Number of protein chains: 2
Amino acid sequence: MREFQLIDRLAARLAARRADTQLTIGDDAAVVAPAPGQVLAITTDTLISGRHFPDDTPAFDIGWKAIAVNLSDLAAMGAAPAWLTVALSTPVLDGPWCDDFVDGALAAIGDAAVDIVGGDTTRGPLSITVTAIGMLPAGAALTRAGAVPGDVVAVTGTLGDAAKGLGLWPARADTGGDPDTAFLLRRLARPQWRNGAAVRALAHAGIDVSDGFGADLGHVLAASGVGARIELAALPASEALRRRAATDEERRDLQWRGGDDYELCLTLPAASVDAARARLDCGLTVVGVIESEPGLRVVDAHGRRCPPFESDAAGWDHFGGRGAV
Amino acid sequence: MREFQLIDRLAARLAARRADTQLTIGDDAAVVAPAPGQVLAITTDTLISGRHFPDDTPAFDIGWKAIAVNLSDLAAMGAAPAWLTVALSTPVLDGPWCDDFVDGALAAIGDAAVDIVGGDTTRGPLSITVTAIGMLPAGAALTRAGAVPGDVVAVTGTLGDAAKGLGLWPARADTGGDPDTAFLLRRLARPQWRNGAAVRALAHAGIDVSDGFGADLGHVLAASGVGARIELAALPASEALRRRAATDEERRDLQWRGGDDYELCLTLPAASVDAARARLDCGLTVVGVIESEPGLRVVDAHGRRCPPFESDAAGWDHFGGRGAV
């Protein structure tokens, strides 16, 4: 298959859904018309085979994840996703592989009003760079800098599943029949982006949990110039993780340091939590409180400080591995 | 150097120039505010080491080219560039290399009001994916589909230089002192994006010459449902190419089939050519005319048809090499 044929094949599957997409794939650039009064959120993320997903990940899951991690970044800003570009580098052009990739990308979009309006296919090592553009009202962006003392810290869904899934990946053939394993592997392979736009008006600050909860919360605290007290035992865990983690210590470590969950960490007034939870379909768990004193105070169920969790909030560094920077 | 440090280092050099860039690098997404009444052009292009530039290309030139090829796509739509994201995958993080890369990227932007508002750095094989977003008035996009019979076909700058430069690349150490070689190599390494926005209102259709003039003109003809008659001898050639091409045949072949020139091919009324040329700083040469009869008719200086040029208008296919698709 030639590049032009691939582009035609993809373009035929990617007809625009949005009325404000005026020109989609096929010209030098797409043309879109943002709504009056709206500003745009723009983000880009690259996934590289062997680094951001195992080399033997199915094409469907690669397509899913490339889209989901970018829509998660928009969600963390409170933006409603609208347009995507997808740049795919792949060693060989393979029609069925590309179809599966597009299936996964479209499945990650789901029924959201999001158009893939541009792309590029090149021969090279397998990697995908997606750029996502979303809309939100002017002045309403949910940044990392908006946390104020008194806010509660809340997180969607559950934490640590993807990191446990990564640990289970090499032995997945032997554990494929176990529903907990299947759940955890799926959390790794097909992260679900959350509806950040729905809770934008209720929250003060937001970030998505991609590097690890502790690290990502650290970014919010630094940007906002505040501190936080977090109850380790309050971090939400799936039943599957509770059952499959060898020890409570392993589970807590995965919840705190594991990346790739793509849940939202929000800070918001305690009085807004129930309303925010009602606008989401994934749960919203209060795990702590923002304090004026800088720094991160992590306490166990007995109120005792847990220094190892406080000192390791730097998360994942794609070049240097984990550790303080 | 760690990823976070690199991001800090880059962010410090990429302060926003535009008043409508409300939030730049450092959060989950950038926030920008398009002007009322404007629509956005969005494009993305990936450059892969060894495929889109020689492996031993200096970092400055890689940064330049990654930006320029995307701004060229916006120019072909008649859009004024505004915002960029840059996703860099590199085997090792090297501060001086990254500084040179950013120097090149900023040099390609020049004094245009363009902000790099987002990016991603990952460890992997050297490749760069840039997404470019530009603005233009609603309904004014210069597409490939707007060519009408009677338009002239015009091209900016000169053609074939980059392809000749690529041929000279391996022996560049031996010919570095030759100004023609230096010119041709520079045309390859640092393509100059043209000011498409300045001529948008004068032209009917546009495309940038990245795959080869014949191939790219073919895209315009197909999208517009028209044909064209092109005078081969009218294609603009630099003095350097005239001197360095071994034969007239080689020169014409490079002009017709060589890619990577990133000149604009426009169709416009003959009466608008002088005005369009005056708005550009790179020349604008009429090379033919749009005709209602589909197909491409290429004639030499004596009016004789040149079938080899007519049948090979498919240009460069990144997977399959040159040839019809």
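Just so you know, glycine gets a Cβ as well, placed from its N, Cα and C.
Whatever TrEMBL says is automated annotation, not expert-curated.
Note that the coordinates shown come from a computational prediction; the quantities given were computed from them, not determined experimentally.
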Let me know which member of A:THR43, A:THR44, A:THR57 TrEMBL also records as binding Mg(2+) 4 at the site of A:ASP28, A:ASP73. A:THR43
Starting from the Cβ of A:GLY119 (ATP binding site), draw a 10 Å sphere and report how many other Cβ atoms land inside it. 25
Looking only at C-alpha atoms, tell me how far A:SER210 (ATP binding site) is from A:ASP73 (Mg(2+) 3 binding site), rounded to the nearest Å. 9
CB neighbours of A:SER210 (ATP binding site) within 10 A? 22
From the binding-site residues A:THR43, A:HIS52, A:ARG144, A:ASP211, A:ASP260, pick the residue whose C-alpha lies nearest to the C-alpha of A:ASP120 (Mg(2+) 1 binding site). A:THR43
Which binding-site residues (A:ASP73, A:GLY119, A:ARG144, A:ASP208, A:ASP260) fall within 10 Å of A:ASP45 (Mg(2+) 1 binding site) by Cα distance? A:ASP73
For A:ASP211 (Mg(2+) 5 binding site), what is the tally of other C-beta atoms lying within 10 angstroms of its C-beta? 24
Select from A:THR43, A:ASP45, A:ASP120, A:SER210 the binding-site residues whose C-beta atom falls under 8 Å of at least one C-beta in chain B, and return them in sequence order or as 'none'. A:THR43, A:ASP45, A:ASP120
Between the Cα atoms of A:HIS52 (substrate binding site) and A:ASP211 (Mg(2+) 5 binding site), find the distance and write it as a whole number of Å. 12
Could you tell me which three-state DSSP class A:ASP73 (Mg(2+) 3 binding site) falls into? helix
